[in-house]
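Notes for the one structure printed next.
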Amino acid sequence: MLNKPVLVESLIVFSIVLCVHAVVWDRYSWCAVALAIQAFYVQFKWDRLLQQGGAVFQFRSTANSGLLPASMVIPLLGIAMKERCKAAGIVYFERFGIVVASTGMLVALFLSVIAVGITKPVPTNTCILTGVAGSIIIYTMKHSLTVSEVIEVLEVLLIFVYLSMILLYLLPRCFTPGEALLVLGGISFVLNQLIKRSLNVIEGRGEPIDFFLLVAVIGVIILGLFFTVLFIFMDSGTWISSMFFHMMTAVLGLGVIMPWLYRLIRRNPLFWLLQFLFQTQTRVYLLIYWTFLAASACGIVFYQNAKRSSESKKHQASTITRKYFHFIIVATYVPGLIYDRQLLYVAAVLCLAVFIFLEYIRYFRIKPLGQTLRYLLSLFLDERDSGPLILTHIYLLLGMSLPVWLFPRSCAPKGTLSGAGALVPYAGVLAVGVGDTMASVFGSTMGEIKWPGTKKTFEGTMTAVFAQIIAVALILIFDSSMNLNSSYAWILVSVSLVSLLEAYTTQIDNLLLPLYLQILFMV
């Protein structure tokens, strides 16, 4: 029997699915509901496999499988994108939304089939449910997708299968099955899009900043896979290996990634980037301000480690201390969202590449910074960093950036959406920067009434809801492009559901919450 927190988490996810399809009901709604029902049952099988150690790979043991909340993110995101672009009359991106939704459903269904296949004895009822859901999804895809779109969906599924086998083997205990579905599914889709656009440059659609995101993400992943294979055969902690690491990084960056980006944007990437960053005086001021905030974050890391040296009993930073970084990242993103979203888009991509590169240096113990980074960052570890990689800070950056990156600019008049959709780029700031931070700080200091079966408190959740509503009011004051059109009730419902999900989920909330809030705002 599933425990109460998992049941409540599932109920919240079902509520979000029904809220979305109360606004948008079409043939894909039947697929989404069928997928949600079968994912709920298969989630139980995954949880039992994890408890018994019967899963093929080693997953993070401090959480449940999270299959249901993860399975619904990509399909709902595609459906919301399809509806927005259909309303705007942009047929290309309407079809793109359908491909995203179909891909998400098929990848989630594949992960469910894996769980059912390795469960002994074979769960008959769950097999029937999975078969029915699969039949509904495949039947709908057959009558909705063109041949080229079906091929694209199957390409992403194939990439996901191979990528999962490689990364889950190389990175044990870094993900739950649900987190693996979200992260690896997203990477698979990005890789397929990059290959597709690289082969059809003339027909490719998108701005240089979109290509910059695709190339940067895939570039750093290829870099990591290359060095992972290389350091199987040599010690990564020596000076010779470290020099080779830096040399090969330069070779791959200048010899592969830069030409790849040049082919896509048809101009020198370095010159384009410098011209873009310093194009206006506002951008220069923002870059100076962000540099100051980055230095402040580094100062907090050094200060907390100095305190650890003097206080031998304290080995881990407190929850409130970790939330300092949430405050800093809110202070980083809000001015960018108000004054220059394109600059924020590119700066977030650069930060992601730097974060991942520094994690490679820490993980491989690359001199001269590898051991220092290991020591400094060990203070901020929590139970979610149970694998060889430290990913929480990367998830925080992703949670704040994904609503900016996934904002449907082409389907919005003059780059803005009306109603609750106007808050889509702020979904990360509201869900993670404000809601999660306030829930954690107030819940851990003043919370007394705990939600059943969890460590989270009622006071923390209520504070998160009120704080996000106040943040929306402040955004309306300072961002003149906002036009909510009396959609306040929907915003309140969306914020409340996502705050409840934060209280009950054991998945990486920095990644999950902004995506669900973005979906609710988009529809």
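Note that the numbers count up from 1, one per residue, in the order the chain is shown.
Backbone N, Cα and C define each Cβ position, glycine as well.
What TrEMBL records for 12-41, 61-80, 92-116, 122-141, 153-171, 211-232, 244-262, 324-339, 345-365, 386-406, 458-478, 484-504 (among others) is transmembrane segment.
Same-chain residues lying 6+ beyond the ends of the transmembrane segment (458-478) with a Cβ under 8 Å from its Cβ atoms: 338, 423, 426, 429-431, 434-436, 438-440, 442-444, 446-451, 484, 491-492, 495-496, 499-500, 502-503.
Here the transmembrane segment (153-171) does not touch the transmembrane segment (244-262). Their Cβ atoms form fewer than 3 pairs under 8 Å, with each pair 6 or more residues apart. Three or more CB pairs closer than 8 A are found between the transmembrane segment (484-504) and the transmembrane segment (12-41), so contact between the two stretches is assigned (pairs 6 or more residues apart). Against the transmembrane segment (92-116), stretch 61-80 has more CB pairs under 8 A than any other of 61-80, 244-262, 345-365. Touching of the transmembrane segment (211-232) and the transmembrane segment (12-41) is ruled out by the presence of fewer than three CB pairs under 8 A, sequence neighbours closer than 6 excluded.
Through the fold, the transmembrane segment (122-141) approaches residues 27-28, 30-31, 34-35, 37-38, 41-42, 44-45, 102, 105-106, 109, 112-113, 116, 150, 153 of its own chain, all at least 6 residues removed from its boundaries and within a Cβ separation under 8 Å. A Cβ distance under 8 Å defines the sequence-distant neighbours of the transmembrane segment (244-262), meaning residues of its chain 6+ beyond its ends; these are 198, 211-212, 215-216, 219, 222-223, 226-227, 230, 236, 268-270, 357, 364, 366.
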